[in-house]
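*Asks:* Would you mind keeping the following structure in view while I ask a few things?
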Amino acid sequence: MADNNHSHFQHPYFVLTGIPGLEQQYYWMAFPLGAIYVIALFGNGIIISTIKSESSLHIPMYYFLCMLAFADMGLTLCTLPSMLSIFWFNYKFIAFDACLVQMYFIHTFSAIESGVLVAMAIDRVVAIWSPLRYSTILTNRVVCKTGMAILSRAVCVVFPVPFLIKRLPFYRSNILSHSFCLHQDVMRLACASTRVNSLYGLIAVIFTKGSDSLSILLSYVFILRTVMALASREGRRKALNTCVSHICAVLIFYVPLIGVSVIHRFGKHLSPLTHALMANAYLLVPPVLNPIVYTVKTKEIRKKIIQIFVQTKITAEG
């Protein structure tokens, strides 16, 4: 009878957790955290505006980079309100429906980023395998269709997740482990069987990040075979050098993702601090480091940043 009485009950809100054990330091941690968000938004915004304004960057490689920056900005904006409310204002509450919305967009933008990394890997395959046919294979039409396919896949795959959570009763704990809402974290608080949620979550991960990581791996196997077949040592070096930024972006995205997955699955004995830090790294590291990596490797983006700083300095002095 008790279970029947609570079968449709849901907490009106969840309680978010910052970084366990460091609550007394939130007042000074708020400033570095704010700086991290500024760097992420500014850096990805610069990439998007530079690619839009520089005609020399209107090629598939940079169109995909623009999509990656879009996904990173989306991840940043999804987590920014709840994290800043905790560290700046010590406000830890998030409404149940708002939590589901945040969860949906976090997982959607994460799936978009994973898909874009695959598209960028294929872009490198075509550029190295058949450079003379690069522009005829990866036309603007193909790039646009690829972008729409990546977006559609992410939206459709993640769409059932909030509804699967919505059907579950929550009448015990409502304290989450992180500063934002993740599917695994919310699901573990449910007071009913989560077998369907777990199964669908596994299928979604395999269909998106699992297949994407395998595709990227196979792409680089093909790239290495093609590069090793080149007669010139200098040619091999130049070909591999074009992949450095993408390899960094893949590692920046997948290493924290694998870390979070392993900790959720096997690290139940670890401290809450470890769980919180890994989850924060999973969502904060890619949006911050990707712009830095591509700024270092792309002359046009560096020039754009220098122009902005010069204009800002002139304005301030004036």
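Heads up, the Cβ atoms here are built off N, Cα and C, so glycines get one too.
As listed in TrEMBL for this protein:
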type	residues	note
TRANSMEM	26-49	transmembrane segment
DOMAIN	43-294	domain 'G-protein coupled receptors family 1 profile'
TRANSMEM	61-89	transmembrane segment
TRANSMEM	101-122	transmembrane segment
TRANSMEM	142-165	transmembrane segment
TRANSMEM	243-264	transmembrane segment
TRANSMEM	276-296	transmembrane segment
*Asks:* Does the transmembrane segment (26-49) come close to the transmembrane segment (142-165), meaning at least 3 CB pairs under 8 Å for residues 6 or more apart?
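*Replies:* Between the transmembrane segment (26-49) and the transmembrane segment (142-165), which are separate recorded stretches, there is no contact, as judged by 3 or more close Cβ pairs.
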*Asks:* At a threshold of under 8 Å on Cβ distances, which of 26-49, 101-122, 243-264 pairs most often with the transmembrane segment (276-296)?
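*Replies:* By Cβ pairs under 8 Å, 243-264 leads among 26-49, 101-122, 243-264.
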